[in-house]
Amino acid sequence: MGKLTVNLLGQSQEDTAEDEFELKEVEVVIAPPANERFEETIFSVTAGLNCIVTSPDGLITAAAREDGIIHIIDENTGAKLKTVKVSEEEINCLALSHQTSMLYAGEGGNYNAAGKKIHVIDLSTSTITNTFEGHTSQVNDLAVSPNGKTLISVSSDGSARIWDISNERGGGKEVKVIKEEGFNPDWKGYYIYSVTIPTDSTYFCTGGGDEMNKTTGIHVYDMTKGDYKLLTKLEGHICDIHCLTSSSDGKMLFSGSGVFGDKTVKIWDTSSQNADQWTLLKTLVGHASPVRDLSLSLCSRYLATGSDDKTIKVWSVEVGALLRTIKSPQMTEVKGVIYKHNDTISSASTDGKVRAWNLGTKAQDPLKLEGHTKQVIAVAISGDGSTVISGSRADSAGSRANLRVWDAQTGEQKALVNGDTFCVSAVDISKDGKLALQPQFRVNDNSAIGQPPSLDNTVIIWRLEDEAKELKKINFGKAVGAVTFAPNEESLFAGGGDYKYDGDGVLKQYSVNNGELIKEFKGHTKSVRSLKTTTDGEHLVSASNDKKIIVWNVKSGEKVLTLEGHTKGVHGVDLTLDNSKIVSASADKTAKLWDFKTGELLHTFEGHSSSVNSVAVHPSGYFIATGSSDETWKLWSLHPPYFLLYTSHDSHTADIASVAFSPEGKSLISGSFDKTVNIADITHHLYLLPLSVQDKTFKRDCNLEEESSNNYDWNNTETMTLLKQRPQSLHEPRFDDKSQQTLAHRAAQNGKSVFLTAVLTIPNDDTEDDSEKGIMGWQSRQQNAFIPLLLRDAQNRTPLALAVTAESGPVVKVLLDLYNLLLSQTYALPFTSLNSFQEIHPSSLFPLDELNLALSKFPHLGIAFLSQISLNTSGDHLVQQGVARHELGPTARLIVGSTSRVPQNFWKGTLKKRDKNGKVPQDSGVPVTAKFVPLKDIAAPNSKFLATVVEACNMTRNYSVFENEVLATIVQHKWEKYVRRKFINLMLLNICMVIFMTCDVLLESTLSQSEGLFLKVPTAALCLYFIKVEAFELISAKSLLSHFSNFWNFLDFISLGSIVVAYILRFSGVDDWATLWFAVALPLGYLNTLYYMQGFEGSGQLVRMILGIMRGIGSFMLILVVCMIGFAFGFYILYEAGPGEYASAGGSGNGEGDIVDGPYGMDTPWMALFSGFLLLLGDFNVDEFNASVSFGTTLLLFVVFMFFINIVMLNLLIAIMGDIFDNIQENANSEFLFARAEIIIEIENMLSTSDLKNEEWFPIWLQVLVPTQSDEDNGSSDAWQGKMRALRKTMTDVKVKLGSEISKLKTKLHESDAKREKAEMELKEMLTMLCEHVKQPPSPQDGEGKP
């Protein structure tokens, strides 16, 4: 199979495959792994197939041909089991009876009376046992009720007929005929195509339509009372409804259309008990031809659809996303699909082929352990998973059976034990694999002593180290049928009976050390066949041929429970690890599940066709395996709905006598009469299970992460291995978990950000280009793994909500990063039908409420996320269909709301310029690009999105996020649609109030009382109106503190309060105080008009600058005030201690200056503060220093004051204001939009209920039309205002840093050079000393004169 690439981002990519898939521009295709067996043709005939039906266990498939022949197929082998010639007419539909014993076939053909019968075929004899007649035209669909008592048929004659089929041999009678008069009273050309019955059989549904699409819909009928009353009609399809199915719980209905119409699939919410309240949930768009069949996965999370467009599509029911499109070059129109429980889809098509599509990965071939020469009876595996032991029968009477020891990893035989026994009927092995138990059953030949043969029945304990060595032999006295170690391995249990297993059952406990009998348990009436102890060793469970299972108290030896229900001998028993449930296997072909405490029978597993010989519980406790004489082993879910997961048909060729799971749960060991032991890798089958199976693995990996002292590598965990092979596991919830939480939910809830990061960065090993690895690489290959982030649990929470609640910032960051990625992706691109256009996209399901929550709790992360999202342009091709150029207005951006995400030809007809004939000139307008805001309901009145963003900006003091085109679009839309008009009205009213109040105050003395009322009444009325507005804002505010922390709200409160107090004082006759309050109210009222100037682009930026400067110099002003107070009080002390008067410089001519009063403003400390302010402005007189206690000290303090305050502080203020101005100028537009956003929030709080329902003001989606070259056109110098200085400053900072780093490098180089020179000097000195030492003459002490 060739490599497939995925068109996920709307880019052009190649498809090199030549078989299963066809990659289209309008859909996403996921390539299966390279080793996957994806398509397999299991049956082929010459005539076209019309329909397909499969038995519940998936073993038998029936396919109906156009020539009236039905084939019964073994789907695992593809063998044709039976062929039945039913009719000369086409077979249009099939249905199986409840017990798969009878097959119902409906005739088809033309729309005349040619085919109109329903035939009943007995599958055991392949004969037609009955024929139902009554329809006057072809039978289109059949449905059998889950209880098997009712058959419903629908026909092109416009009727639905109910048949009683409670007779097991195919008999039946017509009970009711329903003519659907609700749609077309004349019944001309109206056909009923489909029928479905949910599991609870409370209702059934029919779907149909006519050729003109005038009458179409789904009828729902009551089945509880027998009168089949019409409950409701579901209308939504615009054409005929060709197929129906329902979820297993009856809470969802699925419908597909149609021969004459829209070719869509619709999902209906049928959870309400009142059928009139059923509603349409989703519409799945993607097929290009009529949808012919629907099939739902057992968990109701995936839907398979077959169509005349020759494709099969697999959808996520919860998200409504297309997961896979399946297509084969040879496959023609698909007439039937069946979604099986083992993740396989079967299909029937008009090319006469039944195909099986394996959606998972292919399981590995089992490891075969060969060596036994006779039937293998028992297998066991050690607790560490390293060793497997198996026991077999003897070759012939009197010969020896053997026990073989195998390496579980390689399959190599480690030891062979030829026991002196006829049959190794049971085995067990210790946890460390060093000890083994083997029963010995031997017939002693006593002819030499003239005695009849005798039986030797013992239990042998073997040591399995280097070579098998017999440690102890325990005489049991009867034939041993079962052995097991106690959990502490200090004792063992053995059970059995007589030679033919018919006598009384014997059950005993022995000491492993000395072989002595400890206890005997009496209660079974026939031989004991299987034993299992609880993990704490307090209880023992035994199974016997007497059809009973007994739970024993080990300490007392007494019975605790006796479980009865099997109809034949019980051959196997096992316990879950938590000891809560017992599972048993019996010769009655069933396995049963029991409650350990109460003994209640919880479920019976039916499906084997012969004796079930063994049963084993998976270490996870979530499913079981059964081995049977029908040569198969099966995997079953151990939790509701207890379904069959997998059947192995090719692992053995004879009876399977024993099965066991490996300790880690990855393998299943099976022993068979075909003389082999198989170790099957069941990992593939585990991946077919929901999260419940992987729950234990994930928890174990989480515990290992917590125990790890270093960074835990999630990429090499079992959980990650699972996700790489089957990404769907990330969003499959547990069947037994009512919380409906997925693995993604749990990871988010537990703060596993590293795990989620690892999931999102799994590399794509199939590509050599590094750019294709990581998040994008993996998503393009397995994008359905990201669906869980859009799913909600039972409490309607996504993983993001759980992460926010857990206050896990790292997880929130990871999830928001992924959401940003999702908003630019499309899972199922649009398909244009006759009357509608719909695009399925993650943004339709984006949890806007939880984004608001994240913004509130983690404002910095939320703003970072919002800064990255952008307008989506995937609808640009629609503009090319409708209009490529447009006469845009002066704003160069046109924003309009819509009800669809990307409506077809939305902009067509919006051009303003047209010629005389009403046509659009080709060169009219400018080139445009269509975009839209990729967040559903972001402009809705109840979204609270804009208010949350404003709050987050205030918390972080970061307003640059409003430069983002998405937020700018939202602000512009709201402002232009309804806010500007209301805002201007408010501004005019405020100006009127201030003008009326000003005239009233200034003209109070010149106007009469009656004339003054003309000014006072409007002022008071307007003041009361604004008080009402302020009250509405206060009510909607989160808290008083948050409300009044806003400067304009505080100013409103003070201004309106001053006006109210002033008028109350005036009407009370306290004119002096009233004058004082008016003196305060008037400037506050005029200052408040600045708020309204914010709304306009020119003045708004200036107002934001003023506010920004005031915020920016707050710290400076505090320092300045502190310094001013210090100097002012210093001057006051000097003057307070002085004479209080001084001589002026001029005087009266007598040579002395005139004596005047003390300096103005130094009488009190408070006046000293005011005088200090005057000094700051340069208002001083040096002569006044004579009035202080010391002229020199005062002069010195004055000089210091002038230098520090006027020179240092004021110059610092100028520099600070310059930087603040640059920063504000740089973000002037974002600050302006932020101010507008605040205005929008205030206006929305004032809207009426009718205003909030205005769909034009509050659309579901926002569509945007912008000039294609807008980015270049906007590159004027205005866009750089305030940024050049910031760039220069940044460049200077970088230069300084680089200079500093270069200096450090030079210093290090100098130090290195110095060290090198020093080392060279030391080396030279050493060489010199060595040379001198060599040249020295030999000393006399050297006997041979050697140096």
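Just so it is clear, glycine is given a Cβ too, placed from its N, Cα and C backbone atoms.
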- prompt: transmembrane segment per TrEMBL sits at which of 803-821, 1164-1182?
  reply: 1164-1182
- prompt: Pick from 1013-1032, 1073-1092: which range does TrEMBL record as transmembrane segment?
  reply: 1073-1092
Task: For the transmembrane segment (1194-1217) and the transmembrane segment (1113-1135), check the count of CB pairs under 8 Å (sequence separation 6 or more) and say whether it reaches 3 or more.
output: yes
- request: For the repeat 'WD' (563-604), would you mind checking the mean pLDDT of the predicted model?
  value: 94
- prompt: Where DSSP helix means H, G or I and strand means E or B, what are the helix, strand and coil counts for the repeat 'WD' (649-682)?
  reply: 0 helix, 18 strand, 16 coil
- line: If one takes Cβ-Cβ under 8 Å and requires six or more residues beyond its ends, the residues near the repeat 'WD' (563-604) are 501, 526, 529-532, 534-536, 539, 541-551, 610-617, 619, 621, 624, 626-628, 636, 638, 642
Message: Treating G and I as helix alongside H, and B as strand alongside E, what does DSSP give for the repeat 'WD' (521-562) in helix, strand and coil?
response: 0 helix, 23 strand, 19 coil
